[in-house]
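Reviewing the structure listed below.
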Amino acid sequence: MPHHYILTLFGLLPVATNISTWWNFGSMLLTCLALQVLTGFFLAIHYTANINLAFSSIIHITRDVPYGWMMQNLHAIGASMFFICIYIHIARGLYYGSYLNKETWMSGITLLITLMATAFFGYVLPWGQMSFWAATVITNLLTAVPYLGXSLTTWLWGGFAINDPTLTRFFALHFILPFAIISLSSLHIILLHEEGSSNPLGTNPDIDKIPFHPYHSHKDLLLLTFMILLLFTIVSFLPDIFNDPDNFSKANPLVTPQHIKPEWYFLFAYGILRSIPNKLGGALALVMSIMILFIIPFTHTARLRPMTFRPLSQLMFWTLVSTFATITWAATKPVEPPFIIISQTTSMLYFTFFLSTPILGWMENKMMNIS
């Protein structure tokens with residue numbers, strides 16, 4: 001693999017001929033990132049990080065700023081697109097064994113954590129009712145940390161409750177973290193090009209490679225065009241599809257919403273958090289639901305890289321996908337039967353996938369007589 005990264009600027013990167021549509025999501029994520037930075041910049045020009053003015057400034061953007069409604073909707077729905085693409089990107093990595101390129105995988109999961117933090121801070125900025133209460137519930141989890149919890153929470157809030165200093169620092173963090181995402185993305189791409197992309201067969205593709213441009217770049221454009229078309233269709237016809245009705249009311253610390261929940265892309269982690277009736281246990285499970293992705297490269301025992309010819313792993317993978325969807329759905333429901341037991345069962349199944357990987361790999365080696 002050439003070490004001259006300048007080649008990548010001209011699309012001369014050698015790529016396997018047989019990579020499928022599932023490899024398109026990297027370029028789609030890059031497009032989402034560019035869109036978010038651009039729309040975010042124009043929104044930041046008109047936004048006011050003050051608890052008395054934040055909600056009004058969002059109304060001002062959508063009503064008075066030329067194309068402000070489009071910028072605001074593109075930014076909000078673009079975030080959902082970003083998470084759809086990144087979850088598919090990670091699922092592809094799990095299915096085809098891309099995680100065996102350890103440095104690339106580690107940088108990717110770090111990117112995911114940074115992205116989740118950025119999205120969380122961004123959700124608080126409109127200072128709507130759900131923004132305020134979601135921020136209160138999630139930041140309050142820091143109090144579960146032994147000894148340091150109360151001090152950490154007070155330090156994060158900038159006071160003894162969520163107030164003006166909290167909003168100011170959340171806006172500052174939401175503005176600065178995308179630059180960290182851009183840096184990590186560059187690192188992710190450099191590390192990927194060091195070893196090269198994997199492929200659906202999991203074999204060494206060095207004998208059969210073609211330049212990224214024009215072959216794969218044109219293939220990427222198809223799905224990219226579809227994504228942009230879908231994004232603008234939702235912005236034009238269903239702009240509030242991902243919004244919570246409570247967030248159309250200004251934050252009121254005296255009135256608690258009937259059901260506090262974050263944006264849909266955090267619901268799987270929130271569902272795992274709620275399924276454990278203990279604050280510290282729930283907070284640990286929430287953190288572990290993401291952090292467990294770091295251990296995957298070290299628990300791979302199968303001799304074959306992708307799951308294409310590994311039926312047991314395939315079964316567990318599709319169980320994970322359905323589990324992810326079920327936890328997300330259950331997290332939108334109130335904490336009452338039967339949703340409690342559904343959340344607890346699916347949370348156990350979620351972690352079972354990661355813990356069973358080494359055993360399944362070993363069993364599949366035995367089934368195929370691969371020593």
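Backbone N, Cα and C define each Cβ position, glycine as well.
Marked as transmembrane segment by Swiss-Prot on the basis of similarity to another entry: 25-45, 69-90, 105-125, 170-190, 218-238, 280-300, 312-332, 339-358. Among the features that Swiss-Prot reports, heme b b562 binding site is placed at His75, His174. As annotated by Swiss-Prot, heme b b566 binding site applies to His89, His188. The annotation ubiquinone binding site is assigned in Swiss-Prot to His193 on the grounds of similarity to another entry.
Structural mapping of features recorded in Swiss-Prot.
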| residue | record | DSSP class |
| --- | --- | --- |
| His75 | heme b b562 binding site | helix |
| His89 | heme b b566 binding site | helix |
| His174 | heme b b562 binding site | helix |
| His188 | heme b b566 binding site | helix |
| His193 | ubiquinone binding site | helix |
- Message: Given a Cβ distance threshold of under 8 angstroms, which distant residues of the chain, six or more beyond its ends, lie next to the transmembrane segment (312-332)?
- Response: 87, 91, 94-95, 261, 264, 267-268, 270-272, 274, 302, 339, 342-343, 346-347, 349-350, 352-353, 356-357, 360-361, 363-364, 367
- Task: Can you tell me which of 25-45, 69-90, 170-190, 218-238, 280-300 gets the most C-beta pairs within less than 8 Å of the transmembrane segment (339-358)?
- Result: 280-300
- Sequence-remote contacts (6 or more beyond its ends) of the transmembrane segment (218-238), Cβ cut-off under 8 Å? 21, 24-25, 27-28, 31, 70, 73-74, 77-78, 81, 85
- Query: Does the transmembrane segment (280-300) reach the transmembrane segment (105-125) with at least 3 CB pairs under 8 A, where each pair is 6 or more residues apart?
  - Reply: yes
- Message: Should anything in the same chain at least six residues away from the transmembrane segment (105-125) have a Cβ under 8 Å from its Cβ atoms, list it; otherwise answer none.
- Response: 47, 49, 54, 79, 82-83, 86, 89-90, 93, 98-99, 131-132, 134-135, 138, 166-167, 170-171, 173-174, 177-178, 180-181, 184-185, 187-188, 191, 262-263, 265-266, 290, 293-294, 296-297
- Residue list, the transmembrane segment (170-190) vs rest of chain: Cβ under 8 Å, 6 or more residues beyond ends. 5, 8, 29-30, 33, 36-37, 40, 44, 47, 49, 104, 107-108, 110-111, 114-115, 117-118, 121-122, 124-125, 135
- How many Å separate the Cα atoms of the residue listed as 'ubiquinone binding site' and His89 (heme b b566 binding site)? 17
- Task: Using a 10 Å cut-off, grab the number of neighbouring Cβ atoms around the Cβ of His75 (heme b b562 binding site), all chains included.
- Result: 21
- For His174 (heme b b562 binding site), list the number of other Cβ atoms lying within 10 Å of its Cβ atom. 22
- Item | Pairwise Cα distance for His75 (heme b b562 binding site)/His89 (heme b b566 binding site) [Å, integer] | 21
- Looking at Cβ-Cβ distances, which residues of the chain lie under 8 angstroms from His89 (heme b b566 binding site) while being 6 or more apart from it? Phe25, Gly26, Leu29, Gly108
- Whole-number Å distance separating the Cα atoms of His174 (heme b b562 binding site) and His188 (heme b b566 binding site) is 21
